[in-house]
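Have a look at the structure below, then the notes.
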Amino acid sequence: MTKTLLEKSKEHLWLPFTQMKDYEKDPLIIESGNGVKLKDIDGKEYYDGFSSVWLNVHGHRKKELDDAIKKQLNKIAHSTLLGMTNVPATELAEKLIEITPEQLTRVFYSDSGAEAIEIALKMAYQYWKNEGYQKKRKFISMNNGYHGDTIGAVSVGSVELFHQVYGPLMFDSFKAPIPNVYRSNSENPDQCRDECLNILEQLLIENHQDIAGLTIEAMVQGAAGMIVMPDGFLSGVRELCTKYDVLMIVDEVATGFGRTGKMFACEHEGIQPDLMTVGKGITGGYLPISATFTTEDIYNAFYDDYEKLKTLFHGHSYTGNQLGCAVAIENLRLFESEKIIDRVNEKAEEVKTLLYDLELLPHVGEIRQLGLICGIELVKNKKTKEPFPFNSRVGYHVSLKMRELGMITRPMGDVIVFMPPFASSSDELTEMVKIMKNAIVEVTQGAATIDA
Ligand SMILES: *Cc1c(COP(=O)(O)O)cnc(C)c1O
């Protein structure tokens, strides 16, 4: 007898960030997608409430994007970027440099956000070496930061749940606090920001001679639970990096390409990173392309006769893949022709209004939003902000309930993630928020029993 797809999946697959014991109980296989919906092998449809892990921009099966790939496929699928380039990778580089912060003039491609961070770390480290500063070898990273899952990216990350177990494998980095207004004593954003900036400055005063760079997500800490930084924090960090001669590495993997209502989230604070990473939305959520941007100054520190050994010794097999770059170019064209950034801002206002409806629910602690990034933090006690116990897995159960009701998303602990594709219509957004509300109500009413 031939095995069913579900049997095959349970017998052979090992899924990312997944306890396979959970998967076996609630397996799911997606067969197709269209617009803002996904369809499983039984024909059940779901809203893609998290844009397939924060990637999707224009919805699934966007004709223009499909066509761009087909057109490129008639020429070539892939050739290497080692020592040569290709047509779409070159065209895309120019377009990216046009839209990224002015100071960034060079693009280094890779295939995932984590790799883009690894490359940024190596660039920052080797920059100082090439410039003759032997001591500047360490990094500062933010508490609860997330930059991907390879060892370098994990070393500058600090989401305890994912990262603790790998502790002995990591290189040391200094940790600086990040303002979390909801969890602060004062709940005053300015005070919270200034306290964190003061601690960072102290750290820099004491250690800047040893520090090559600082890594930080732009405006929102995604994996930490959609923690939105108070006004002035990112620009405050920029000022301190400049003052103490530390390269600022801004991670725009989640926030880049319109998510926050600006093309890049660092535009909210008008800052110029020394290095910047992007991924996720760059191809509209179609193919694995990521990039590390840097300045002409950093680029020039690597530019010399080969024998000087200043080359950046880094590369991946699929770097600059033509199909990926072709679809990324079309994605960027659509940002212009469909005025996507304006649309994100309009939709974000609609979502904000829709989410008011959740604010009064007894277990909704805080709703955080920047553009079309939303996190709804569920707590056991709204007044004291006491979280649900870890083993009650309320966020997980709410997500399963949403799946049953027709929407897919993945929580960060007990923070429900809502990141709809930009293409969602008003009716679709209304429907998605309704599903979210019903799932939260249903699961948290039973929270006392889950608790036991
Ligand atoms: C997703 C993400 C990454 C890692 O990207 P991958 O493509 O999954 O490796 C890095 N930084 C941030 C902020 C992210 O959200």
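Cβ from N, Cα, C; glycine included.
Remember, TrEMBL labels are computer predictions, not curated facts.
Taken from TrEMBL, the feature pyridoxal 5'-phosphate binding site applies to Gly113, Ala114, Asp251, His316, Ser317. Around Gly113 (pyridoxal 5'-phosphate binding site), the same-chain residues six or more apart in sequence whose CB sits under 8 Å from its CB are His147, Gly148, Asp251, Val253, Ala254, Thr277, Val278, Gly279, Lys280, Ser290, listed in sequence order.
Positions annotated as substrate binding site by TrEMBL: Tyr146, Lys280, Gly315, Arg410. Applying an 8 A CB threshold to same-chain residues 6+ apart, the list for Tyr146 (substrate binding site) reads Gly157, Val159, Phe162, Glu217, Gln221, Gly222, Ala223, Ala224.
All protein chains included, Lys280 (substrate binding site) registers 27 other Cβ atoms within 10 Å of its own Cβ. What TrEMBL lists as N6-(pyridoxal phosphate)lysine is Lys280.
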Neighbourhood of ligand 1 - binding-site residues from Gly113, Ala114, Asp251, Gly315, Arg410 with Cβ under 6 Å: Gly113, Ala114, Asp251
Those residues of the chain, 6+ apart, with a Cβ under 8 Å from that of Ala114 (pyridoxal 5'-phosphate binding site): His147, Gly148, Asp149, Thr150, Ala153
DSSP three-state assignment (helix, strand or coil) for Ala114 (pyridoxal 5'-phosphate binding site): helix
